[in-house]
Amino acid sequence: MATSSGSADDSVDEGVSKHTSKIMLSVILVTIIILTALGNLLVMVALCKDRKLRKKKTNFFVVSLAFADLLVALVVMPLAAIELTTGQWKYGETFCLIRTTLDVLLTSASILHLCCIALDRYYAICCQPLVYNNKMTPVRVSLMLVGCWVIPIFISFPIMQSWNTIGIESFIEQRKFNSSHNSTCVFMVNRPYALVCSTVAFYVPLVLMVLAYQRIYVTAMGHARRIGSLHRAGSAPSSTYPNHNQQGSSRIKNETKAAKTLAVIMGCFCLCWAPFFITNMVDPFINYSVPWQMWTAWLWLGYINSGLNPFLYAFLNRAFRRAFLMILCCGNEHYAPQEGFNPSRRQSESVNGTSISLRLINSKSMKGQKSIFKQTKKQGAQNKCVRL
């Protein structure tokens, strides 16, 4: 009797523990989904309301990225959360194909948008203004945006045709048999699809982003050294105009901060998606022995990247932060950008939000640094855009 009672108590405790764990998991997943949806919706609203944000070409990619991430939060993540918390798939084989197709399409689109943003920043920071304007024309920006959506369509189309399962039907049946419920949405890919999909959706964008940010960093440091030499050579005339030194330092700080901001975004992208795509390429070559728990963890880590992007913009980008505060504070004028006259702004020019030159208004100060500016101009003419 005592043994029977003890076994019953253990089973009850185990059942309560499982129920508690399921509730905690549900709360965590729902929180992730809500934060991802609200964050990306906030980015889209900010771009719609703030006219200055809409003037920057980069933000066309940002709003398209936010739309892709919003769809991930509203379509992909809820279905994945339901399957994870209930332990089964209740919507049939056809809807399973639709779900996995949308999953691959939207997450790939999100990754490609991050790549385009990195390339846009490369042209803005590492090239002269005219080069940037010639490279990032409205037509080219539109083509890049179309590519961010068309390429994922081609990547995800084979899933609807079940081309990704050719030759691995036995592994899929075994995975279904080993699951706790017969009804489960199994997504497995053969070797050709794993190699092509991972390369196009992750590894190529990753290489381009690394190269772009590496050149941005090198260019920012080069600018800092040149500005430092200008300050030292023109210290006497610059003392008459103290704002010159301040503007030079501000320029380098802005460029370095822009590079660091995007580097943080790329770092989060690598941290979130690298485990999944590495596993995606390795698993077909080790007879699909990666446990489903690891697959689920890596997949949700990738989903979290869609929720991180708007918060990275909010904390690391002043223009977005001001726009977010304007929205959340119901248009409080305290957070509105100042439109008054600012003399220091006339001493600098910007292209798409990135400072590209310092202009000394007084001709006397220009004479004191004429030779240095000529040398810098010649160097810029020889190398108008740092090659990737």
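Each residue's number is its place along the chain shown, starting with 1.
Positions of Cβ are set from backbone N, Cα and C atoms, glycine also.
Any TrEMBL annotation is an automated prediction that lacks curation.
Database features, via TrEMBL:
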type: TRANSMEM; residues: 23-48; note: transmembrane segment
type: DOMAIN; residues: 39-313; note: domain 'G-protein coupled receptors family 1 profile'
type: TRANSMEM; residues: 60-82; note: transmembrane segment
type: TRANSMEM; residues: 102-120; note: transmembrane segment
type: TRANSMEM; residues: 141-160; note: transmembrane segment
type: TRANSMEM; residues: 193-213; note: transmembrane segment
type: TRANSMEM; residues: 261-278; note: transmembrane segment
type: TRANSMEM; residues: 298-316; note: transmembrane segment
Within the same chain, where does the transmembrane segment (23-48) have neighbours whose Cβ lies under 8 angstroms from its own Cβ atoms, ignoring anything closer than 6 residues to its ends? I mean 6 or more beyond.
54, 59, 62-63, 66-67, 69-70, 72-74, 77-78, 81, 84-85, 300, 303-304, 306-307, 309-311, 313-314, 320, 323-324, 326-328
Which stretch from 102-120, 261-278, 298-316 shares the most C-beta pairs under 8 Å with the transmembrane segment (193-213)?
102-120
Who are the chain neighbours of the transmembrane segment (298-316) in space, where the CB to CB distance is under 8 Å and they lie at least 6 residues beyond its ends?
29, 32, 35-36, 39-40, 42-43, 62, 65-66, 68-69, 72-73, 76-77, 80, 107, 110, 114, 261, 264-265, 268-269, 271-273, 275-276, 279, 324
